[in-house]
């Protein structure tokens with residue numbers, strides 16, 4: 001079956017106005033991408049709770065084999081009391097830190113590669129490539145016991161590499177690009193929030209199902225069989241059902257713009273001395289990060305620091321947030337003896353609340369608050385001009401800037417709520433208190449899609465993919481450093497001050513939120529008139 005990538009599945013009515021056509025096409029595409037987002041998160045996250053338990057068991061067994069082998073049972077899992085000792089807990093935190101480093105580095109590389117591929121060949125081929133890697137990772141793990149001792153190690157290394165390159169955030173990045181391609185400015189934030197909500201529902205399902213499969217079968221591999229099957233079905237759905245959002249026309253336009261930019265760079269390069277020329281060449285290796293460089297705002301005559309501020313904000317946040325969930329799981333596993341099924345229920349509760357918040361709370365909340373913010377912005381404009389009779393109701397710049405301010409406030413409020421939730425979790429001594437605190441964390445989930453919408457509003461539509469990739473790369477650098485910083489702090493203090501790392505995270509959230517408030521609404525992208 002072949003699909004014309006420039007033609008939507010629902011035929012357009014040529015007699016309708018252009019806006020109605022765009023809305024109808026957007027609705028169809030956004031609806032069709034929902035199964036991809038849900039299935040991708042479900043398949044990738046399904047084995048995660050099992051993996052945490054297996055890693056803890058492996059570390060515990062290896063530690064006691066080297067120190068007190070008589071305590072290691074001949075058959076069956078390691079006892080909880082042995083795995084809760086301080087030395088085992090510290091080794092477990094160290095391994096989690098190393099795995100976080102590998103995942104963060106893979107994201108830094110992955111965003112640049114995926115953005116280049118998706119811009120050149122389209123969103124569909126990029127999604128299919130990521131899913132093939134995810135499928136390969138499951139195949140490597142499933143077949144590793146069939147290999148010899150040497151090949152088994154090679155297979156496990158390949159599994160780890162493929163697993164790192166198919167991180168859930170990489171696939172979500174592609175889904176976000178797909179949504180940005182197909183919706184207008186007015187509905188962008190709500191559409192991103194709704195899509196992220198459906199994707200998070202996949203997390204919820206995976207955490208419950210994955211932990212229970214392992215608990216009831218007492219085997220590790222069945223959950224990977226299920227994940228591989230979901231990946232295969234998702235690949236077929238994308239190949240034969242999903243239309244391409246970044247059409248050939250858009251790709252050609254973007255290619256022409258990049259050719260012009262390359263020509264201008266070569267002209268500048270030819271006029272530079274040899275030493276500066278080398279530095280200039282090296283600076284080109286950073287790829288999409290060049291989009292974050294402050295540019296001159298032609299309307300205001302000032303430097304536009306908006307994207308740079310967003311980059312600093314997300315970097316500081318990810319220094320803490322990149323390891324916050326893993327730190328919480330490490331804390332609950334080591335201090336409260338959470339098993340895979342317990343971890344699964346906790347993560348499922350978070351995902352369920354987060355999914356509901358993003359899909360069903362944030363879109364109507366934005367629709368309710370947007371008119372209030374618009375009137376607030378109009379009132380400010382009237383006071384600034386000194387003309388009480390001046391009506392800005394039909395000014396599109398006023399509407400856009402008020403939407404920016406709303407996105408800004410939702411983002412900052414959500415991050416602060418999440419930091420409070422983590423503190424509540426670690427200071428709760430009962431399961432009910434911990435679960436209630438996890439609900440608070442779930443209510444803060446809107447921070448991610450709303451912030452991405454704020455970033456997308458900063459540039460013209462054709463450059464949204466490159467700009468979002470740049471922000472995600474900066475986020476990944478913070479995520480890469482986070483296990484080194486927060487993981488080391490947790491490992492050193494988990495036996496004496498286990499909640500210290502979460503107080504540090506709270507301080508990072510307050511600092512980063514203060515920086516984001518420096519964003520000016522007037523620096524957003526304005527359509528030519």
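Using N, Cα and C of the backbone, Cβ positions are placed for all residues, glycine too.
The transmembrane segment annotation in TrEMBL falls on one of the ranges 153-179, 180-206, 261-287, namely 153-179. The feature transmembrane segment, as given by TrEMBL for the ranges 21-46, 47-72, 307-332, sits at 307-332. Checking the ranges 445-467, 468-490 against TrEMBL, the transmembrane segment annotation falls on 468-490. At the 8 Å Cβ threshold, with sequence separation of at least 6, the transmembrane segment (307-332) lacks contact with the transmembrane segment (153-179), having fewer than 3 such pairs. If you look at the transmembrane segment (153-179) against the transmembrane segment (126-147), you find at least three C-beta pairs under 8 angstroms, all six or more positions apart, and that counts as contact. Away from its own ends, the transmembrane segment (91-114) comes close to residues 55-56, 59-60, 63, 126, 130, 160-161, 164-165, 167, 169-170, 173-174, 287-288, 322-323, 326, 330, 333-334, 469, 472-473, 475-477, 479-484, 487-488, 490-491, 494 of its chain (Cβ-Cβ under 8 Å, at least six residues beyond either end).
Highest Cβ contact count with the transmembrane segment (468-490) among the listed stretches 223-242, 344-369, 502-519 falls to 502-519 (criterion: pairs under 8 Å). Sequence-remote contacts of a segment are chain residues at least 6 beyond its ends whose Cβ falls under 8 Å from one of its Cβ atoms, and for the transmembrane segment (344-369) they are 48-49, 189-190, 193-194, 196-198, 200-201, 203-205, 207-208, 210-212, 329, 332, 338, 406, 410, 434-435, 438-439, 441-443, 445-446, 449-450.
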